[in-house]
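Here's the structure we're looking at; comments come further down.
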Amino acid sequence: MKAVVQRVTRASVTVGGEQISAIGRGICVLLGISLEDTQKELEHMVRKILNLRVFEDESGKHWSKSVMDKQYEVLCVSQFTLQCVLKGNKPDFHLAMPAEQAESFYKGFLEQLRKAYRPELVKDGKFGAYMQVHIQNDGPVTIELESPAPGAAASDPKQLSKLEKQQQRKEKTRAKGPSESSKERSAPRKEDRSASSGAEGDVSSEREP
């Protein structure tokens, strides 16, 4: 799941020439749902969006307050194009969840968002419709979120088990001591003075005209 979060002074959605949704100060969230998204990703994204600190505090300190802290509004718009991959110059959307399934998932996302915050402060567009989204970005401030976050696979129990096994193999290799070839490399070599002097003679002869 991907989200583009923009801090706004106002934002609205128009469908067929009619404004269907609007907010004042707050955040506008463009949400892209992928084929692999589950309830776990949904809940993670809701927490991230609501707790993202993109606002100032009372003293003017930046990046101190979230939309919940400030009791500002949230406008959500479903945006499957965030799951785009390029084939040459042509966008391909095979990673996006199919519309029928995604609509139900998106409604669940909105429900969770409203439950975690204040229902009257969470607005949305119209799923599947051709929309004009008017965003007055404040700053501008635009943050990209992803669930799971890049690199989060390392916290997966299966992945951790693999890493532990790799570490154990390394430790066993160290415990065996140096291999024969490394012993040979580390063994002191006797100096061959004749070879050394011969090599020096070759070099000096190349330098002389």
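Just so you know, glycine gets a Cβ as well, placed from its N, Cα and C.
Feature annotation from Swiss-Prot assigns Mg(2+) binding site to VAL4, GLN6, CYS28; the stated evidence is similarity to another entry. Annotation source Swiss-Prot lists region 'Disordered' at 142-209. Taken from Swiss-Prot, the feature compositional bias 'Basic and acidic residues' applies to 159-170, 181-194. If you look up Swiss-Prot, you'll see SER197, SER204, SER205 marked as phosphoserine.
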Neighbour-count leader, CB within 10 A, binding-site residues: VAL4, CYS28: CYS28
Additional residues surrounding Mg(2+), by Cβ distance to the VAL4, GLN6, CYS28 centre under 8 Å: VAL5, ARG7, VAL8, ALA11, ILE27, VAL29, LEU30, ILE135, ASN137, THR142
For GLN6 (Mg(2+) binding site), nearby residues of its own chain (Cβ under 8 Å, 6 or more apart in sequence): ILE27, CYS28, VAL29, LEU30, ILE135, ASN137, PRO140, VAL141, THR142, ILE143
